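The feature ATP binding site is assigned by Swiss-Prot to G12, M13, S14, G15, G16, V17, D18, S19, M38, G127. Residues or ranges marked as active site, nucleophile by Swiss-Prot on the basis of sequence analysis: C103. Swiss-Prot lists C103-C200 with the feature disulfide bond. Look at Swiss-Prot and you will find H128, Q344 tagged as site 'Interaction with tRNA', backed by sequence analysis. Residues annotated as active site, cysteine persulfide intermediate in Swiss-Prot, with sequence analysis given as evidence: C200.
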Amino acid sequence: MSDNSKTRVVVGMSGGVDSSVTALLLKEQGYDVIGIFMKNWDDTDENGVCTATEDYKDVVAVADQIGIPYYSVNFEKEYWDRVFEYFLAEYRAGRTPNPDVMCNKEIKFKAFLDYAITLGADYVATGHYARVVRDEDGTVHMLRGVDNGKDQTYFLSQLSQEQLQKTMFPLGHLEKPEVRKLAEEAGLSTAKKKDSTGICFIGEKNFKNFLSNYLPAQPGRMMTVDGRDMGEHAGLMYYTIGQRGGLGIGGQHGGDNAPWFVVGKALSKNILYVGQGFYHDSLMSTSLEASQVHFTCDMPEEFTLECTAKFRYRQPDSKVTVHVKGDKAEVIFAEPQRAITPGQAVVFYDGEECLGGGLIDNAYRDGQVCQYI
């Protein structure tokens, strides 16, 4: 049996149950474990309570319980520069970004990893539901978490081979109820703490109010694809392709009671396009273009791949053909797909393995670009 005590693992601890159990398992396996709390956002709420302070107290309590040293590190500047500025720029461009993908790439597995190495880390570990397996030649492959409902490889798809080489995901082989049970059996103070929801820097806040603090809203016309005026929208940034709620038009226009959906945006004219029916023609596409395409293992500069893909988190896989050229890709769908959204991640899979992914730039319907931005 190998002696893990000489291997230092620095754990990103958020104050939640997943990262608490991650630290616990590594400690039980004999590793030299250090807990780190990352403060990425100044999130004082309207009552003057900073939730990060409460979360850090939970980290301290758990670290003391399991007997590991802990530190707090401030990445607010890195987060603002590398994640939040990107988030705002994407909304300005009419797209719908996924900040969690960028946060993992730039903060949790870059800024945090760099910091952990200064502490002598051999590995970093997080509470993500994913798995890493190492080939005999040392190549690391990332697999989906065993808990299909919690699998987070979609958000980890931009990680590089170098980052994965230094990473452990101790929860990848567990289901969420098992993690809670382990926390309860160990008497961890976070055992019953509810999972955090929403974008990390918004949390439970009203998204519209939050965004309007940083980007001025520009109301404009809401129209059908064939030019019927449907009233006013509150600002293109508040709507995403395929969205149903928040349009304020219901079944009031015409006799058809089918629900209304956002089917497109014209950024230059500040028009929001809407249409009736979940599978409205304007929501369906047959291919997409992606940039910032990246694979977790070394791949040729140009190649074609038959695999499956996800276009949003918790979506079933769809069969695709991917034509890759440098960091760009054309992704052709075996079956038409609904509400492909510029700014979101497209992530590629071969069975259990997450191969990598990219960011969606445009959707196409039979060769014609969809008017999504």
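Glycine is treated like the rest: Cβ placed from N, Cα and C.
Annotated features taken from Swiss-Prot, shown on the structure.
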residue	record	Cβ within 10 Å
G12	ATP binding site	23
S14	ATP binding site	23
G16	ATP binding site	20
D18	ATP binding site	25
M38	ATP binding site	22
C103	active site, nucleophile	26
H128	site 'Interaction with tRNA'	26
C200	disulfide bond	16
Q344	site 'Interaction with tRNA'	25
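For the recorded positions S14, G16, D18, M38, C103, a Cα to Cα distance of within 10 angstroms from H128 (site 'Interaction with tRNA') holds for D18. Binding of ATP is attributed in the record to G12, M13, S14, G15, G16, V17, D18, S19, M38, G127, and the widest Cα separation among these residues amounts to 16 Å. The CA atom of C200 (disulfide bond) is located 15 Å away from the CA atom of D18 (ATP binding site). Mapped onto three states, the DSSP output places the residue listed as 'active site, nucleophile' in helix. Taking the C-alpha positions, the distance from D18 (ATP binding site) to the residue listed as 'active site, nucleophile' comes to 18 Å. The separation of C103 (active site, nucleophile) from S14 (ATP binding site), Cα to Cα, is 14 Å. G16 (ATP binding site) sits 26 Å from Q344 (site 'Interaction with tRNA'), counting Cα to Cα. Q344 (site 'Interaction with tRNA') sits 25 Å from M38 (ATP binding site), taking the Cα positions as reference. Under the three-state DSSP scheme, G16 (ATP binding site) falls in the coil class. Between the C-alpha atoms of C103 (active site, nucleophile) and G12 (ATP binding site), the distance comes to 13 Å.
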